[in-house]
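**Q** Before I ask anything, let me first share the structure, which is written out below as structure tokens.
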């Protein structure tokens with residue numbers, strides 16, 4: 001009969017099963033003194049074997065190929081290891097980027113490094129393929145170009161002027177975005193011409209086009225050609241490759257400065273009539289083509305468009321309003337909200353020839369059970385109404401307005417939409433009075449039975 005005794009697995013059993021040629025694992029892992037070394041320090045014995053970088057590394061499906069760094073207490077500094085050495089000793093071949101202190105210091109964070117993966121401790125297969133900040137991982141976000149968006153950008157740029165030379169990168173990004181949105185919204189499509197290959201010497205030619213100021217004395221040709229802040233003229237110069245300048249009488253906005261410069265050197269053009277000067281510099285086979293294209297576009301701008309059909313003027317005015325910060329987007333009114341005129345409560349009692357007499361008893365005109373009998377007599381003076389604590393904030397509940405709307409004051413009367421709570425309270429002050437104030441006011445306002453109401457108990461109050 002086999003014995004049911006559990007075999008003992010002790011140290012003696014393991015030592016007997018080992019051969020004499022191979023040392024035991026306990027003897028390899030136990031620090032021993034070296035021969036001829038009197039130093040009390042202990043170290044592992046060095047046994048030459050296959051280098052650790054040639055060991056086949058096991059790869060698990062779904063795990064990253066970069067091994068996790070070992071704990072500091074298990075890392076060995078020697079390069080020669082025994083085959084029975086701890087597994088953690090093979091981690092000395094880990095790249096330096098994974099063992100750097102900045103990698104595991106929570107106070108320092110690396111945004112992007114070519115040798116450092118963006119997700120070093122992730123366990124996905126594609127963690128080493130691309131970085132979170134690589135061009136393949138992120139795509140540029142295009143915002144829809146609208147007039148409201150451009151107005152917000154210009155407003156933010158004006159706010160940045162309060163902090164000069166502090167947000168240079170933000171200002172540069174804002175300028176680029178403003179230019180992109182402006183081109184998408186207000187860029188005038190000037191046709192481009194096909195030019196031959198440059199050949200010959202560089203020459204410069206100039207042409208002058210007079211503005212029909214006498215035929216259209218009230219038309220603003222200068223503003224139409226230049227545009228807001230000179231944007232239209234700059235765009236025309238960029239598309240045609242020619243320089244566009246407005247010269248002559250009336251070309252300067254400041255008339256006093258124009259009269260002061262008239263007759264001086266380099267200001268001879270002020271003696272001439274208002275005109276547009278087009279200048280082009282290029283090779284002989286290209287300069288005339290570019291100049292002719294620029295002259296055609298300027299002549300089109302000098303033809304006034306009928307009122308209300310000038311699309312270029314509309315864009316220029318809208319762009320100017322955005323630059324000046326005076327642009328207001330057109331919003332359609334909300335038809336669901338109707339503004340009703342509500343009379344406000346007068347702070348002083350109104351004087352009238354005859355008093356308004358109403359029943360002083362509570363609940364005679366309106367049912368008192370709706371608001372707990374807190375309806376006041378309309379004969380209450382305005383001074384007492386404003387001076388006492390007549391507003392009960394406990395009544396401001398969602399069911400209050402529903403209860404009030406349920407009161408059928410008239411068959412064809414609908415509950416109006418009050419714009420504010422104050423207008424509602426001022427319209428119906430009797431509904432916002434506590435029971436204590438109602439009792440005090442009842443004692444002072446109600447006259448004894450059989451006696452005529454006195455002048456002190458009846459006041460003229462308009463609701």
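For all residues, glycine too, the Cβ spot is worked out from N, Cα and C.
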**Q** According to Swiss-Prot, which of these ranges is region 'Qua2 domain': 305-336, 337-368, 369-400, 401-432?
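**A** The listed stretch tagged region 'Qua2 domain' in Swiss-Prot is 305-336.
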**Q** Just to be sure I understand the packing, how many Cβ atoms besides its own are within 10 Å of the Cβ of residue 253 (site 'Important for RNA binding')?
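**A** Around residue 253 (site 'Important for RNA binding'), other Cβ atoms within 10 Å: 9.
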**Q** How does the domain 'KH' (208-260) divide up by DSSP, counting helix, then strand, then coil residues?
**A** 25 helix, 8 strand, 20 coil
